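Features as listed in TrEMBL:
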BINDING   Cys96, Cys99, Cys142, Cys145  Zn(2+) binding site
Amino acid sequence: MERGKGQTPREILHERGLRYSRPREVILGYFSERDTHVSAEELYLELKRRGEALSLSTVYLNLGVLKNAGLVREFAGVSGEALYDSNVGPHHHLICKGCGAILDLPELTVAHLPLKTFLKQRAESDSGWQIDEPNLDLLGLCPACQRAQEGACEPRQATP
């Protein structure tokens, strides 16, 4: 989990006028234990398996709070479901259309600029649009699905 200025999640939440509650502690604890990309439903099921008494709506609510606080990042998985990533530093995602596997790809640069910045500036210049959140996720087939040749690899499973 990458944070600015060496701040703890508690400090970041406090700075934004938010409480460091038990649900937020549990969710941030989950992300600090593993580098993963998870849906709210998968997170809920894993926390339930661990004996945590959080409802699915509580998980959704707190993921939204943590996202707005800059402690988790939300992006769309291969089927369009919202996935959450605690790596909020600059990076891209490689997403397999066959099995849903996700790999973090370090920030790329073009013309001495981070790729997202370059694309944002170019898109704004060419279109006149104001781009708020440039995101770049690359869809394709992972090596295992390429070997399967017809996308018969195992579908994405919940990450424990």
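Quick reminder: no glycine exception, Cβ is built from N, Cα and C everywhere.
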Local Cβ density at Cys99 (Zn(2+) binding site) - other Cβ atoms counted within 10 Å: 20
Coarse DSSP state, helix versus strand versus coil, of Cys142 (Zn(2+) binding site): coil
Same chain, 6+ residues apart, C-beta under 8 Å of the C-beta of Cys96 (Zn(2+) binding site), given in sequence order: Val78, Ile102, Leu139, Gly140, Leu141, Cys142, Cys145
